Amino acid sequence: MSFLDDEKWTGRVFTGSWERAAGGDAAVIEPATGDELGRVGIASPQDLAASAAKAAEAQRAWAATSFQERAAVLRRAGDLWQQHAAELKDWLIRESGSIPGKADFELHVAAQECYEAAALPSHPTGEVLPSEAPRLSMARRVPAGVVGVIAPFNAPLILSIRSVAPALALGNSVVLKPDPRTAVCGGVALARVFEEAGLPAGVLHVLPGGPDVGAALVEDKHVRVISFTGSTAAGRAVGESAGRHLKRAHLELGGNSALIVLDDADLEQAMSAAAWGSFFHQGQICMTTGRHLVHASLYDEYVDRLADKASHLPVGNPFTEQVALGPIIDAKQRDKIHGLVTSSVDAGAKVAAGGTYEDLFYRATVLAGAGPSVPAYDQEVFGPVAPVAKFTSLDEAAKLASESEYGLSLGIITADVAKGLALADRIPTGIAHINDQTVNDEALAPFGGVFDSGTGSRFGGPAANIEAFTETRWVTMRGDVAGYPF
């Protein structure tokens, strides 16, 4: 029997056991072929309510377990990602359209997230405070309770596990709503891993579903923290609802990240980073390089080199062919990408490479003559499109990079590292890389953006995870009962 044997999960949701979904089921479609890979259970709002109540009950016992027990579950989970990597890799390639290297990276990060989370239960937290009274005064970190996680399709495993693992390690229970398009990699796989790792029943729930289930998750009285990754528009709705219900929402949203190429850059070295930043996973990453800002002295050569590289990147089925780009997730997303490309041409940009597609396979595209007022430059494309604009001074580069509603990632290519860091300090983003492109992720590194990219670094590393998934409680102790003049 395979680890992801569909007899377990077909038409079911995970609530500590595999139960029939009240919302029916939906096809799991392979974007590259249109083939049906299985049928995943779709939760209803009623399923969500039942799971949230069950999770709240299970959380109390889970929080009371020793830190050694919780750490052991997370370590076993990390081992399981590695033990079943071959099968899980195939699912990532087929369900999400990942090339093999991207699937390997997701599995590596999933294991690392669990191993890092395994250190959280024994991580020293809290403070001993001075007190005006003769007593011991402390600030302690305690579990938040039930954590709701809403994860997207593009990196389904990473963007689920980075919240699920630390939340569980810190004594919370979790209700996870993966995107139905990638519900196996972003949901079923996590349920199976933690089921086999020995997580007590009821502590993790996996409920694929639509917007109605997401809304019910945010509104449910048992859920105290929401961790959401997705579009800025959807994130606004989540944040507004969470605010009305007086609960915290950690929002990791869209981006339109800039890669700045200074006049002293080595273009031979820069090309690999530039292409990777815009075309990795078909540009379907929040950190994707959405704007290439190139010094005027290098601009023409940069466009020519990037267009040449883009035109030689093979596109096709990553499960059966050796390709650099796989499929776009679905026709709706492909049409959005192409609409932005065509409207950008109408606005004056020139297609230097790509700009065409077959089925869901969109070719790596370079748009020369881009800049403010060009749609693919101004907006998040979420596709393999590289708009290239020019600047003539550091001041202009900083101004152009900062003129965005987003503030997620930034890359700067330069021979002068100090100059690059000084420029980065002038541009408000949550992430900055000197001599690297914009797409980077590590389990230990704080991750998040500013402005319309989200509510800051709430993922990655012990400090961010403890802040995200615990509450601070003030506790005092004294040997005698305090007396008062009443």
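Placement of Cβ uses the backbone N, Cα and C atoms for every residue, glycine included.
As the structure is a computational prediction, the values presented were derived from the model and not from experiment.
Listed in Swiss-Prot for this protein:
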type     : residues                                                                       : note
SITE     : Asn154                                                                         : site 'Transition state stabilizer'
BINDING  : Gly210, Pro211, Gly230, Ser231, Glu252, Leu253, Gly254, Glu380, Val381, Phe382 : NAD(+) binding site
ACT_SITE : Glu252                                                                         : active site, proton acceptor
ACT_SITE : Cys286                                                                         : active site, nucleophile
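A map of Swiss-Prot features onto the structure.
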| residue | record | contacts (Cβ under 8 Å, 6+ apart) |
| --- | --- | --- |
| Asn154 | site 'Transition state stabilizer' | Ser96, His281, Gln284, Ile285, Cys286, Ile329, Phe382 |
| Gly210 | NAD(+) binding site | Ile42, Pro180 |
| Gly230 | NAD(+) binding site | Ile150, Pro152, Val238, Leu253 |
| Glu252 | NAD(+) binding site | Leu159, Phe228, Thr229, Gly235, Cys286, Phe447, Gly448, Gly449, Ser453, Gly454, Arg458, Phe459 |
| Gly254 | NAD(+) binding site | Ser231, Thr232, Gly235, Cys286, Glu380, Phe382, Tyr406, Leu408, Asp452, Ser453 |
| Val381 | NAD(+) binding site | Gly283, Thr288, Gly290, Lys336, Ile337, Leu340 |
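Between the two most distant C-alpha atoms of the annotated NAD(+) binders (Gly210, Pro211, Gly230, Ser231, Glu252, Leu253, Gly254, Glu380, Val381, Phe382) there are 23 Å. Cβ neighbour count for Cys286 (active site, nucleophile) (all protein chains, 10 Å cutoff from its Cβ): 30.
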